[in-house]
Structures are given as structure tokens and as C-alpha cells.
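Taken from TrEMBL, the feature ATP binding site covers GLY10, SER11, GLY12, LYS13, SER14, THR15, ARG118. Among the features that TrEMBL reports, Mg(2+) binding site is placed at SER14. The substrate binding site annotation in TrEMBL covers ASP32, ARG56, GLY79, ARG140.
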Amino acid sequence: MKISLLGYMGSGKSTIGKELASKLNLKFIDLDKFISSKHQKSIPEIFATDGEIKFRKYEREALIEILEAEENFILSLGGGTPAYYDNMDLINQATHSIYLRLTPKELIERLRPEKSSRPLIAHLSDEEFPEFIAKHLFERRNFYENAKSILAVQEKSVKKIIEEIILNLPHPHRI
Ligand SMILES: Nc1ncnc2c1ncn2[C@@H]1O[C@H](COP(=O)(O)OP(=O)(O)O)[C@@H](O)[C@H]1O
Ligand SMILES: O=C(O)C1=C[C@@H](OP(=O)(O)O)[C@@H](O)[C@H](O)C1
Ligand SMILES: [Mg+2]
């Protein structure tokens, strides 16, 4: 079984992916962590030293490497992965893709204390931040909505989200 989780920064991809993998006894791969360990740099360091364009290239290469090498996994993508190259086509060809959909309001609340770890939003002032998230999500949604399955995650616990994902897995993966 190959499952990928996608959605905006802060939607819970990394958190849900890790828990879901442990529940389904599958290998967990976080695309950002994979890129970091491959390049021996944190994501903010890659953005600062190599720039976003190179990051997108590394992200694309890592995605292909994982999709070609691995048989069974839960893959948590980065928020931007579906929006570059034809990544979304590759993701849908190889995996059951799930969009974790969250409202701008909740994303803003969640991301506010965690902004500094995310280079695309780290520099934004308190005034700029909410408007940036709303606009950026509006652009990204077009890519996310190509996922095979869409799950609204607002006001749901991690446990509940995992239960719903498992219930909605395509047959014969349901357990
Ligand atoms: N269902 C949830 N309810 C409340 N907080 C959550 C939930 N899922 C994730 N979080 C929190 O939201 C933040 C962002 O989660 P993370 O997994 O890093 O998102 P992503 O990988 O999509 O950017 C983290 O602090 C995480 O603990
Ligand atoms: O949305 C984006 O373009 C990004 C999201 C991040 O991942 P998370 O969605 O896990 O924060 C990370 O890949 C990088 O900072 C760029
Ligand atoms: Mg993440």
C-alpha cells in the first residue's frame, strides 16, 4: 500500500503520516526529512544557501527516488510538492493521495507559533501573515484538489483523522 498525504503547511501531513504509519505498520517517509538527510542540511538552510528553485529540484528528485524504490509506505509531502513540475501526476500514478483540507483561519492559528521553521513564511510580519496564507492557499488549492481523496480535518483530533483515513481507504486496503 502506498499512501501520500498532501495539503498546505500546517495541515498536519507530518504528524498524521507518522501516526498513520505506526497504526498500519507501514514505513513512514517525510519528504522534507528525506531531502534534509540527503543534502545534509535543514530545509531553512537549503532555502538560504541554495534558494527555492534548487529546493524544488531536490524535492522533485527525492519524490521520484522514493516512488521508484519503495513498495509500501506512508509519504508525507511538503506543502508545495504538488504545485511544481508534474509532481501531482506522479503522486497520483503511484499512490493513493489524500488532501488534508483545513480552513485558512485554522492554518493561521496553527502556523503562527511555528512560522520560523518554514522559510516561505518566516519573514512575514504579523500584519502580512494572515493575508499571505489566504492568498497562497487559494493558489495551492487548485493542485491539492487533484488528490484522489479529500479529507476535511478542521476540529478533528489526530486519532479521529486517522480513523477516517483508514475507513475511507480503497478496498482491499481497508482494515
Ligand atoms: N489534528 C490536529 N489537531 C491539532 N493540531 C494538529 C493536528 N494535526 C497536526 N497538528 C499540529 O499542527 C502543527 C503542524 O503540523 P505538521 O504535521 O507539522 O503539518 P505539516 O507537515 O502539514 O506542515 C503541529 O504543531 C502539529 O502538532
Ligand atoms: O509549502 C511549501 O512550499 C513548503 C512546505 C514545507 O513543508 P510542510 O508543508 O510540511 O510545512 C517545506 O517543504 C518547505 O518549507 C516548503
Ligand atoms: Mg511537514
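Even glycines carry a Cβ here, placed using N, Cα and C.
Any TrEMBL annotation is an automated prediction that lacks curation.
What you see is a predicted model, and the numbers here were worked out from it, not measured in a lab.
Residues from the binding-site residues list (SER11, LYS13, SER14, ARG56, GLY79) with a C-beta closer than 6 Å to any atom of ligand 3: LYS13, SER14. Here the binding-site residues are LYS13, ARG56, ARG140, and the one ringed by the most other CB atoms within 10 angstroms is LYS13. Checking the binding-site residues SER11, THR15, ASP32, ARG56, GLY79, ARG118 against ligand 2, the ones whose Cβ sits under 6 Å from it are ASP32, GLY79, ARG118. Distances between the Cα of LYS13 (ATP binding site) and those of the binding-site residues ASP32, ARG56, GLY79, ARG140 are shortest for GLY79.
Take the mean position of the Cβ atoms of GLY10, SER11, GLY12, LYS13, SER14, THR15, ARG118, the recorded ATP site; other residues of that chain with a Cβ within 8 Å of it are GLY7, MET9, ILE16, SER76, GLY79, LEU100, ARG110. Most Cβ neighbours within 10 Å, among the binding-site residues SER11, SER14, THR15: SER11 holds that distinction in the structure as shown.
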